[in-house]
Every structure is written in structure tokens, then in C-alpha cells.
Amino acid sequence: MEKGLALPQDFRDLVHSLKIRGRYVLFLAFVVIVFIFIEKENKIISRVSDKLKQIPHFVADANSTDPALLLSENASLLSLSELDSTFSHLRSRLHNLSLQLGVEPAMESQEAGAEKPSQQAGAGTRRHVLLMATTRTGSSFVGEFFNQQGNIFYLFEPLWHIERTVFFQQRGASAAGSALVYRDVLKQLLLCDLYVLEPFISPPPEDHLTQFLFRRGSSRSLCEDPVCTPFVKKVFEKYHCRNRRCGPLNVTLAGEACRRKDHVALKAVRIRQLEFLQPLVEDPRLDLRVIQLVRDPRAVLASRIVAFAGKYENWKKWLSEGQDQLSEDEVQRLRGNCESIRLSAELGLRQPAWLRGRYMLVRYEDVARRPLQKAREMYSFAGIPLTPQVEDWIQKNTQATRDSSDVYSTQKNSSEQFEKWRFSMPFKLAQVVQAACGPTMHLFGYKLARDAASLTNRSISLLEERGTFWVT
């Protein structure tokens, strides 16, 4: 009697074994199963999410970057690029094998038609803009440059829901997996598939209606007709529209509004590495332009300590009690943040073929000093005409007589605001940032303060002039 076959050790052994014994039916079934998990974009997100929810409960710091993604420990952890490469390699092998066997991957034809509704806005002219930033860099303010334009569908931080619903470990493959989930959700949103958010909204929408979309009121497109449905008594939205009362958000109507607009723009502070956006840049259904917004890391930290006081208790304690040393974990986290930003910017400024003409680096300080000029540059880069409506908003909201006390306000006396941190930051705090983020500050043209006097001396500039160097 013939011995039972041992289970093959890798995919190649399986293919070889199946070919030898002619068991094509079993192989095709395997291919179909794998395609369901890898190729089907909408389903993979929910499946990955469910899997990751089983990881021990950990709320990720929105401002932290896992150093393991930059330098893996003992080469035992997968970096994002390695994990992404593994997925792409398996996808390619399955595609080639299925063609050899005469099987056409069904998902390709389905995805090819996914963006057809957007062609109503004008074939070949639709732009997709991603404002890539970190918290407290002025991204809400700069995002308004796109939100105020009537023909742009703008979303404010939709990835917030993913971070609050799916819990990731700080290190290793789980952190890389989070980036893949963010990317897949981001792609579907840029394609106006807003249903992709529903599994991550808590509590879940009913009949595509929700009262809990994060910062709905920060998107004009979600607060205008026909998306703004009649107000329902005793039904109150957590993040309501600012200037009018609307009923719960109808996700179907929101998606339709997105497809009617000429362009799509989205602000995200949870995108860690520029390289992971390559599949989106190369997707033929998207014409993606990435604007990376950066700010002096000293100003960022000063702002975060105020805005996220609970997360920065260790810093506040260190400052108030006069301790000599800050926790090394805190310093490492700060260094990881800066390194992540620097590596993304260096990649963008190198202009690899896939990113050429699709990346722009902008300093918040330049926007604050010359908001209208920088808005024109960003719109020119995106290939979208700037309207008088946006220009008027910029004029009115960058010359406020006094800054709002709201840390999330988008109304600023911007020419004064960008240096305000210098006069409230203790010099020893500036020293920690300068030591941890020196290479990043050098790349972006932020000068080091030599002492407490130079930090608070307004006549001493801590900013190098960089001109059009920032547009690539």
C-alpha cells in the first residue's frame, strides 16, 4: 500500500507535489482560498482587524513610532518593507501560477471597475491629496486649505477610528500589520468607499447611519446638502456639524457626495512611513499627491505637553521636580518619532521613480509666515486651481487679533504663532529635543539654541530659509 503523503514544508513543495500527482483541483481550490484572503481588499481589512483584536489590549500612543520598525532587534522582527515585500511576492507568485493554469484572477477585473463612479467628475483630472503629518504640527490648520474649497471632498483624520478599535502591540509584526491596515483603509477612502470605516466605528452604524464619525464637523462636505439630512429630535451626534444641525451621518450619502466632487483630500497623522504608500501612488485608479507637513520638534513637544497632558505626565514631572535625568524610554520614543519623520522626508527628497512629482515637503513655519503663498504652492503641486473662496478664508483666519485659547483652533495670528513656544519652553527641555532629534532638525533647517538666552531672543532666528527646495 502506498504511504500517505507528508505535508509539504513550503509553497514550492506543495506546487511540485500537486503537479506530480495531477491534483489540480485541490491546487485551484487552494489558490482561490488564498486570493480571498490576500486580494479582496474590503474583506482583508475586517479579517486582519478581527485577528489583531485578539492581541493583548494596548492603546497605541498616537504620537509614538515603534523603533523596531526603524532598527529591528537582533534581526528578529520584520520591518514594514520586508512584510510588504512578502505579501507582494506571494501575490505575484499566485498570479503567475494561476495564469499558467489558465485561471484569471477574478479580483483584478472587479478592482478595475471600482473607481468608475469618480469618472463623472472628469476623466483624467481627478486628484487625490494626502496631507501626511504628526500631531501638533499645524495639520488641522493646513488641512482647512483643502476643506474650504468647494470642489474637494475632505476627510479629517478618518484613521482615528482604526486606532481606537484595533489594538496593536508596540513592536514587531503587529506594528507593521497596523500600517498595512491603515494603508488598505486609506486606499478605499480615497476611492470614496466610506463603508470601509463602518467596522471600526463604535458603536457600529445601523443601516449605514452613525452619530459617531470622528470630527464630522471638520469636513464641510459632510455638513452640506444632501449629506446633512434633517435633524432628528433626541438624537445627538458626538462630533456634530459646526454651523448647522444635521441628522446622523448617512454613510451612503457621504460616499455619493465624495464621488460627485472633483477631487479628494484627506488628513492623516497616523501614517508613519512614506514607503508604505508606494502601492497607492502606483495604483492606476488614483492620482495621489503626498504633502508631508513638518514642524520644529521642539515646538511639537511643547504643544503636545499641553494638548495631551495625560500622556506626558512623566515629562511634566521631570520638569517640575527638577530631576537630573528623564526616563530613557521617553527619550527613545521622542527619537523614534523624529527618525520616522526624517526617513520619510529623505525618501521623498531622493525622488525615487515611483514618487517623482508626487511628493512635497512643507514646513509649518513657512505656512505660518506666508500662508497664501504656501497655499498657492500646494495647490499648484496638486494640480488643482486655487479658488477665491480659499484665499478669503486664509486672509480672515490668519490675521486674528488674538489667538483662540482652544488648542485645536484653526484661527491663528499665524505670523506670530509659530515662534510662541520659544518663550515658554524651559531650556533643558529644548536641550533634550535637540540631542534626540538633531539629524531631523538639521535636515529641515531648524537651528539649535546654544543657551537659554538665544532660545528666547526673538532677534535670533532658529529657522533657515529654504525657498523652493521643498517642492519635489
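Just so you know, glycine gets a Cβ as well, placed from its N, Cα and C.
As given in Swiss-Prot:
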type	residues	note
BINDING	135-141, 295-303	3'-phosphoadenylyl sulfate binding site
CARBOHYD	Asn63	N-linked glycosylation site
CARBOHYD	Asn74	N-linked glycosylation site
CARBOHYD	Asn96	N-linked glycosylation site
CARBOHYD	Asn250	N-linked glycosylation site
CARBOHYD	Asn413	N-linked glycosylation site
CARBOHYD	Asn457	N-linked glycosylation site
TOPO_DOM	1-19	topological domain 'Cytoplasmic'
TOPO_DOM	39-472	topological domain 'Lumenal'
TRANSMEM	20-38	transmembrane segment
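On the structure: features taken from Swiss-Prot.
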residue	record	DSSP (3 states)
Thr135	3'-phosphoadenylyl sulfate binding site	coil
Phe141	3'-phosphoadenylyl sulfate binding site	helix
Asn250	N-linked glycosylation site	strand
Asp296	3'-phosphoadenylyl sulfate binding site	coil
Ala302	3'-phosphoadenylyl sulfate binding site	helix
Asn457	N-linked glycosylation site	coil
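Annotated pair Phe141 (3'-phosphoadenylyl sulfate binding site) and Asn457 (N-linked glycosylation site), C-alpha to C-alpha distance, rounded: 27 Å. If you measure from the Cα atom of Arg298 (3'-phosphoadenylyl sulfate binding site) to that of Asn250 (N-linked glycosylation site), you get 41 Å. For Ala302 (3'-phosphoadenylyl sulfate binding site), the Cβ neighbour count at a 10 Å cut-off comes to 21, with all displayed protein chains included.
Averaged across the topological domain 'Lumenal' (39-472), pLDDT in this predicted model comes to 79. Residue environment of Arg298 (3'-phosphoadenylyl sulfate binding site) contains 24 other Cβ atoms, counted within 10 Å of its Cβ in all protein chains. Rounded to a whole value, the Cα-Cα separation of Val300 (3'-phosphoadenylyl sulfate binding site) and Asn457 (N-linked glycosylation site) is 19 Å.
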